[in-house]
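Taken from TrEMBL as is:
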| type | residues | note |
| --- | --- | --- |
| DOMAIN | 1-223 | domain 'tRNA methyltransferase TRMD/TRM10-type' |
| BINDING | G112, I132, G133, D134, F135, V136, L137 | S-adenosyl-L-methionine binding site |
Amino acid sequence: MRIDIISVLPELMESPFQASILRRAVQKGLVEVHFHQLRDWSVGKHRQVDDEPYGGGAGMVMMVEPLDKCITELKSQRNYDEIIYLTPDGITLSQKIANTLSIKENLLLVCGHYKGIDQRVRDLHITMEISIGDFVLTGGELAACVLADSVIRLLPGVLNDEQSALTDSFQDNLLSPPIYTRPEEYKGLKVPSILLSGNTPKIEEWRHSEALRITEERRPDLLD
Ligand code: ADE
């Protein structure tokens, strides 16, 4: 998979791909991540990429021309399966969306800033708009990292067996059951004896019923 990310602050997104699992995924060649500084496509000498909104109002708008030029150039180099604008107005990111995106070849992520991007960029190029939740960030960069992380970890070969994505919360619409490691007792709190029993079918049964209990308690909407 290849992920291209357009932003005025690409440096904000470097470290997530330079540590741990994502770094290994990049090193193994399972994913390529390319950042593009939007100001490189600005026209004036001040490298301006934002301007005041027509009709007035607070905040600046990211201009159509630099974004259109940048996206058009990238599109001339390869076919993107999706061109995704990160925005609080988008559909909420879910495990299902991450699963769907993880089987694509080329993704282009567009990070907004200020009040957002000129509507004509959305009309011309954007195929999908994704929000990472009902709150507003200072820009789309952290959202792009969250989206990329959720997708990359699903690529074959990125996680090993123990980390397998198949047992994640949400893969079966259930939250995860409680988990423990050594010691057996800490500050009077004991590991449930079933987990020490060695009886795998009973352990699986317990895990499933705990997952159901926690899901009913916290996220009954997932069970509908
Ligand atoms: N940009 C600003 N806030 C955002 C959010 N919640 N999700 C995606 N992109 C954003």
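Just so you know, glycine gets a Cβ as well, placed from its N, Cα and C.
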- Task: Would you mind listing, in sequence order, the residues at least six apart from L137 (S-adenosyl-L-methionine binding site) in the same chain with a Cβ closer than 8 Å to its Cβ?
- Result: P88, A143
- In which DSSP state, out of helix, strand and coil, do we find L137 (S-adenosyl-L-methionine binding site)? coil
- Query: If you skip the near sequence neighbours and keep only those at least six away, which residues in the chain come within under 8 angstroms of V136 (S-adenosyl-L-methionine binding site), Cβ to Cβ?
  - Reply: P88
- Message: I want to check the contact list for F135 (S-adenosyl-L-methionine binding site): same chain, sequence separation of six or more, C-beta distance under 8 angstroms. What comes out?
- Response: P88
- Can you tell me which of I132, G133, D134, our binding-site residues, come within under 6 Å of ligand 1 at the Cβ? I132, G133
- Query: Among G112, I132, G133, D134, F135, V136, L137, recorded S-adenosyl-L-methionine binders, what is the largest CA to CA distance in Å?
  - Reply: 16
- Note on the structure: In three-state DSSP terms, G112 (S-adenosyl-L-methionine binding site) is classed as coil
- Task: Using Cβ-Cβ distances, find the residues under 8 Å from D134 (S-adenosyl-L-methionine binding site) that belong to the same chain and are at least 6 apart in sequence, listing them in sequence order.
- Result: P88, T92
